[in-house]
Amino acid sequence: MYKGLKRSSEPESENKLDGETASDSESKSEFGGAPPAPTSDDTPEVLNRALSNLSSRWKNWWVRGILTLAMIAFFFIIIYLGPMVLMMIVMCVQIKCFHEIITIGYNVYRSYELPWFRTLSWYFLLCVNYFFYGETVTDYFFTLVQREEPLRILSKYHRFISFALYLTGFCMFVLSLVKKHYRLQFYMFGWTHVTLLIVVTQSHLIIHNLFEGMIWFIVPISCVICNDIMAYMFGFFFGRTPLIKLSPKKTWEGFIGGFFATVLFGLLLSYLMSGYRCFTCPVEFNNDSNSFTVDCEPSELFQLQEYNIPLVIQSVIHWKTVRMYPFQIHSIALSTFASLIGPFGGFFASGFKRAFKIKDFANTIPGHGGIMDRFDCQYLMATFVNVYIASFIRGPNPSKLIQQLLALRPDQQVHIFNTLKAHLVDKGMLASSEDA
């Protein structure tokens, strides 16, 4: 859930950033200049005193290491507390990330004293969350929704209500337009919507992944954390070759070392977690107890199977077969994405920060920047996992289908019953009434 050790050594101020053009400079004059970068040392005083005799390089190593271990410990605690707490944490993280990005825009926007930017930004956040979480409630709590009349009405007209709420905000924005500042206001309108796309939409996908089973939530997040830590360590000790200009201290040695370490970590973590139902079973709502349950018969993904080892590898390790969980094979795809593509989320964030001459999105976590600095790769990973599950894992869900059938009118249920019966008779799976 948290990114691990990561070098964020972007300069706090530059006369001209890489790739900046004359048009960029003109844009700055309209935007009132870039927001000031934080310059204060936010490292806890206790750590400053304890590490005062070290060089800045090793002091940074220890500060990041200690605080990373603290964040990992917090991650374990919230996993222990269960899926409901995890969903609440995802919601809180989403709000904080949105706040950090919108604050950058607001620092520019407020100098013109134009109305409603921050108010409208938070209003749109509310609208989008209402839409997404309403869809989730209808999908995963269908029986509960049908049982309660107010919820049933809200569910039936959910999309219309969501659109009406958004339309209200849209009209408010149009009414807030001020002459001579139209372009700036539309910049900020786009800023808000891109932020919603990056933060809220992908937070919603994280929660959907969680409902598929906590293993689909924990393993991808842990792979990103592992890749970040191992890439930093390989780069710290062996790094010589620069990787990308957007992050000058990222090295090829760290990138490659992080990849192999993350694939190995993903295989081991998947093996450990695949044997526990609390991690592998989908998170479902129990209508009898009105609580979440994670108990089921493990699917084939989480049952040990025997695989033949290729002949080339047999000659090296002298094994002919290996027993492993099928999910471990999928974990290779997850860890590969986390290592090779996931870092581009961080590069994207680095480019964004360089564009506004800021070092971090905020200074929420000493030595690590803001919450968004820790989640720039996680959001990209969440989208990949959701697409991967939909493409290669998820099949029809009989329990949800039955719930939907029970909500139909009696005549519709009878029609579906007769159609299904005729289909099964044609396939020879059910005896016809004439044969009986």
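Heads up, the Cβ atoms here are built off N, Cα and C, so glycines get one too.
Sequence annotations record features per position, and here TrEMBL assigns region 'Disordered' to 1-44. The annotation compositional bias 'Basic and acidic residues' is assigned in TrEMBL to 7-29. Summarising the annotation, TrEMBL assigns transmembrane segment to 61-81, 87-109, 116-133, 160-178, 185-207, 213-239, 251-273, 329-349.
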Checklist entry - Counting Cβ pairs under 8 Å that are 6 or more apart in sequence, does the total for the transmembrane segment (185-207) and the transmembrane segment (61-81) reach three or more? => result no
Item to check | Same-chain residues at least 6 beyond the ends of the transmembrane segment (87-109) whose Cβ lies under 8 Å from its Cβ atoms | outcome: 1, 31-35, 78, 117-118, 121-122, 125, 129, 184, 188, 191-192, 195-196, 198-200, 203, 206-207, 210, 356, 358, 361-362, 364, 370-372, 375
Checklist entry - Residues sitting near the transmembrane segment (160-178): Cβ under 8 Å, six or more positions beyond its termini, same chain? => result 114-116, 120, 123-124, 126-128, 130-131, 134, 154, 185, 189
